[in-house]
Amino acid sequence: MGNILSGETEFFKGIGQIQYEGPQSDNPLAFRWYDENLVVAGKTLKDHFRFACAYWHSFCGTGADPFGGPSHFFPWDKKSDPVERAKDKMDAAFEFITKMNLPYYCFHDVDLVDYGNDVLENERRLQALVDYAKKKQAESGVKLLWGTSNLFSNPRYMNGASTNPDFHVLTHAGAQVKAALDATIALDGENYVFWGGREGYMTLLNTDMKREQEHFARFLHTAKDYARKNGFKGNFFIEPKPCEPTKHQYDYDAATVIGFLRQYDLLDDFKLNLEVNHATLAGHTFQHEMQVAADAGLLGSMDANRGDYQNGWDTDQFPNNVGELTECMLVFLEAGGLKGGGVNFDAKIRRNSTDMEDLFYAHIGGMDTFARALIIADNVLQKSDYKKFRQDRYASFDAGKGKAFEEGKLTLEDLRAFAIENGEPATRSGKQEYLENLLNRYL
Ligand code: XLS
Ligand code: NI
Ligand code: NI
């Protein structure tokens, strides 16, 4: 992949191509673990992860929080014309993405260019940036992992988008999704995401939940049919999150979404895009969410970040906990990886991380943590008795009456007879501490 494209302003001055230098390196602007060509479990790290940069956090985020305005002031955010400003932002984005060697990026429609309230004008703006992005992708080799539509920021969506009680609002969501799908298709996007930020309710006192969920499903079918008709071959992903901004979101967690997809006949086209911090908010570990999705064959993609155990909201910090991620990578490897998606850094640098290189440190740390965790997890699977231990725990179902039960051949009376015949079962340890120590041995 090339460096900065010729003839443009360099936004990240003094920072060159980020290289792999190995664990001994003390260069903070180098990879210590992420060697994209390293083969682990039969695949290069590049192909395992398909890392993506999230346009919104990295190039649209300003450091603002509910208690204060922007603290990040970017040189690409200066021009007054929205399309010209957006092109500068895209120059900066592609400079960063190529310097980081990230193979993919992801965007919402309104990340590429600011939207107003005029549907036709928004479509014109987006088209201008799609034309521009096409050139940038061709020059750099960077690809679009997924596109999506922001159906939560505009005040018209305060009561939901496709679950809004007002049909008129729903039509605006339709217009926006059509344009975002067109953009994703035009840019050879590999997937399309629906995150239902305001698809939920603030109070049941004013909400017909059944009707809203039916509208949601109808909307997804309508969008899917449009995309397929226009040649989109990729996956649709639903991204679960239990709450924030609404009190209760319909796509609560992986299990809830899988039930919804099954109920409304969407399983052929939709899979899951799981986010670490959303799992935490749902009261789950991320490996739990991954396992639920993997068991259903729906582990599509992931939004990499981490939460904060002392805060109850989506802090979207960059991942850096090797131990936790190793447990996730065990599930990842045993599931055979992601189905069509990749690892998108849906994470933002802190409000007080105000230097241009902070964005680099953040991504380098995230990519290194994933690489290191995957290598460790592969060692655990290859070299330890971790797999065997788990298999052996279920050995009583591998033969005899246990096997017959699994095959549906035993009645409740048969179970009773076995219990009487065999007396009290022997105590068997779950060996949790042994297994936790085992993981630590490989860290
Ligand atoms: C917000 C979500 C959002 C989606 C894309 O919490 O994570 O960023 O990934 O709309
Ligand atoms: Ni996300
Ligand atoms: Ni999130």
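Just so you know, glycine gets a Cβ as well, placed from its N, Cα and C.
Unlike curated records, TrEMBL annotations are generated automatically.
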Query raised in the report: Pick from Asp188, Asp208, Asp346: which one does TrEMBL list with Glu239, Glu275, Asp303 for the same Mg(2+) 1 site?
Result: Asp346
Report summary line: Taking His108, Asp111, Glu275, Asp303, Asp314, Asp346 as the recorded positions, the residues having C-beta under 6 A from ligand 2 are Glu275, Asp303, Asp346
Requested in this report: Determine, from DSSP, whether His278 (Mg(2+) 2 binding site) sits in helix, strand or coil.
Outcome: helix
Query raised in the report: For the Mg(2+) 1 site given as Glu239, Glu275, Asp303, Asp346, which other residues of the same chain have their Cβ within 8 Å of the site's Cβ centre?
Result: Trp195, Lys241, Asn273, Leu274, Val276, Asn277, His278, Met302, Ala304, Asn305, Asn344
Report task. List, in sequence order, those recorded positions among His108, Asp111, Asp346 whose Cα sits within 10 Å of the Cα of His278 (Mg(2+) 2 binding site). Result -> none
